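The structure under discussion appears below in the form of structure tokens.
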Amino acid sequence: MAHTVQTLSKLLKKTPDEVVTILANAGVDGKNSDSVISAEERKILMSSLSKRPIRRSSMSVFRKAGTKSNAVSVSDVKVKVRSKRLTQPITMIDEQSKVVANEMARAALAALDAGRNADEILLAQDARRLEMVRLQKAQVEVVEIQKETVKKVQEKEAEKKVEKLKTADKPKEGNKPKRLRNTSSDNNTRKQLHVARHNPNRRLKKKDRTHLSQKIQAEQAQHAFQKPIEKVIHEVAIVGNIKVTELAQKMATKAGEVLKVLMGMGVMVTLNDVIDQDTALLVVEEMGHKGIISVEETIEDVLIEQLKYNEHESARPPIVTIMGHVDHGKTSLLDYIRQAKVAHGEVGGITQHIGAYQVQSNGNIITFIDTPGHAAFSKMRFRGANVTDIVILVVAADDGVMPQTIESIKHTQIVGVPMIVAINKIDKEGTDVDKIKQVLSTYDVISEDWGGDVIMVPVSAHTGEGVDALLDAISLTAEILEFSAVSEGPAHGTVLEARLEKGRGKVTTILVQSGTLNKGDIMIAGFEYGKVKQIVDDKGKILKLAMPSMPVEVLGLSGVPNSGDEVIVVGSERKAREVADFRKSKDREVQLQKQQASKMENFLMKMEKGDISTVNVLLKADVRGSAQALIEALEELSTDEVRVKVVSSGVGGINNTDITLAATSSALVLGFNVRADAVARKTADNEGVRVEYYSIIYNLINDVKAIMSGLLSPELSENIIGIASVKNIFKSQKMGDIAGCMVDEGMVKRDSLIRVLRDSVVIFDGKLESLRRFKDDVNEVKSGTECGIGVLNYTDVQPGDQIEIFERVERARIL
């Protein structure tokens, strides 16, 4: 096989130009990288590679080491130690590498002539090269060991020389002078003899300078404590609310430093106070660490994970919520659909709690939820929108779009449920349906007639006109959306309403959203738990179970839960108690944190504006939803000068304990659809506690507003009653300067407040001291009359000035 210069250069580990140069030096000219090399020319190339240049440095394998001297000082004697002459090998790595490379190239050519494959030759070369590198490393290590050995020998010889010198300097035993205990040239002084403890003849240990000792010292220095140069950044995991001390411990810092940061942020707390997760994250970032929001798996989470549901879902009735402004006919429309008279039973003709009913229309079951329209029941409407599938927005054709109508639209858009607009009261004269559609379109509620996606149905709750069309629209929407839920397994739902009822106890209205609620199930609702003793539907019929989309009344809970609380059925009462206790403990932490924040806020407000007037209120209502709505409405009445504080609230009648608490806290007792018992009434009379009863929510709110208005400081206003021009100044020994004036407008009264104006600028604000007409003192002077005015504590009145006479009037302020 013919080989080119290029091929041979790869085998020889040389460039093609180097191969061409070697051939030219051997007498083979005219070659380039692509030229073919014959067998004869390869032999010439092999012969050229075998000729190695002889250099003097390569002939001497060993040379004598140079002489090294170590100087050692012992007291005043300096000793110079000359080490032995040793021989050590000198490795000529570069020259040997060249020799080995030439030998490998020559071997490659020989193998090529023998007919071996070029790839095999390359592999053999790589193996031999690796072996050569290994041998070179071993040879270098041998040299280092030899150097180390020479160094140790030199150090030992130096130590021996020093030992001999020390021995020579010691005096002999016979010539050793006697040491007397107290002999001295001065009798008053005493010589002290310092000897080594335990062993007087012991020499001080010399510092070990061996290689091993130095290595150990280096390792000890490496592992010794070093003050950190850079600040350590911690990753701090924050799970919910956290104590200040615990947060400081996680950041490995002092709690006082954390308090300083919190004070800088305007948060006034102590070491044992609890701060919320957001505040803790800000503190961590402010102190240069990295905050991580961590979610701790609680007992509640574990319990919910253990609940097993059947994955098979079946069709369920749609849940429809009726929303809108107060007095727009929501309950009346639902009454017509149910063929009932609920609206007549509502006090004041307005709904004040959530009502839930099931209606059968054309063979289809529909669940209706009626919500209050009054402004105070905003949270109730939002709860209704959260649990619903379809919203019926009722708009009165005569009133049009009102504030609660707009609020209901926003609630629906936030939740993202379909909406059907029922334009009610079309039986009245002068109604304009198109105008209502136009106003609704400004809130992105566009009718299908106008190219939108919202069904709008004109109806009349009085005559029943359009009600069937409304029910058909509901059924059509439900059919399109195909509402379904898991019907087997533990029940899951929401508390719509809760109350205390005489003879029945705690009654909770819930809406089952999935699963099946059976009599005897263990149920958790908010902070309350218990065994389901009785299930009653909206018609008063006792049931054994409740399916999805059914609103039912349940008896058996330990207390009255809040409206909107989640309802879960669990396996045992013990687990239910654990979850309820866990929720109560978390709620206590939140309430404590709110109280701390409120105390600090009140303290700061008092520092800025003085004391704030407070109206203390103790509230009792018939149902939990009404109590929650009233608390929110009353707290919204608070201003910077006067605020409402609900010291206690509850569900049920007013008892003696409530009156005692009200007397202690100087609170006004408000009963909404409840009354005080005989004992409570007697205690209230004895303690002087004011008790008020209400059945309409806005009457209660208006009365509290009036009480708050009475605590407001009066508003001061100024009424200008006259203006007089100064014509001349008269001197009086008794009265001082008297301004002779002409009354231009109104009148001037004795003892009135005045202002002196010069060039329309107020230069003095004071009181009128004297008023005379000629030489007589008068009480008042009317317009167009001259008079003399004496100004109290002011003598700089000049002709041309104006005197403005005014009075301050206090006016009661109203919220």
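Note that Cβ sites are derived from N, Cα and C of the backbone, with glycine treated the same way.
The region 'Disordered' annotation in Swiss-Prot covers 153-219. As annotated by Swiss-Prot, compositional bias 'Basic and acidic residues' applies to 153-176. For 191-209, the entry in Swiss-Prot reads compositional bias 'Basic residues'. Summarising the annotation, Swiss-Prot assigns region 'G1' to 324-331 and lists similarity to another entry as the type of evidence. Residues or ranges marked as GTP binding site in Swiss-Prot: 324-331, 370-374, 424-427. Under the heading region 'G2', Swiss-Prot lists 349-353, citing similarity to another entry as support. As annotated by Swiss-Prot, region 'G3' applies to 370-373, with the evidence given as similarity to another entry. Taken from Swiss-Prot, the feature region 'G4' covers 424-427.
Feature map: annotations from Swiss-Prot on the structure.
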residue	record	DSSP (3 states)
Gly324	GTP binding site	strand
Lys330	GTP binding site	helix
Thr371	GTP binding site	coil
Ile426	GTP binding site	coil
- Other than its own, how many Cβ atoms are within 10 Å of the Cβ belonging to Asp327 (GTP binding site)? 17
- Query: Near Lys330 (GTP binding site), how many other Cβ atoms are within 10 Å of its Cβ?
  - Reply: 28
- Query: Are there residues of the same chain, six or more positions away from Ile426 (GTP binding site), whose CB falls under 8 angstroms from its CB, and which are they?
  - Reply: Ala397, Val433, Pro458, Val459, Ser460, Glu465, Gly466
- Note on the structure: All chains considered, the count of other Cβ atoms within 10 Å of the Cβ of Gly324 (GTP binding site) is 29
- Near the Cβ of Thr371 (GTP binding site), how many other Cβ atoms are there if near means within 10 Å? 29
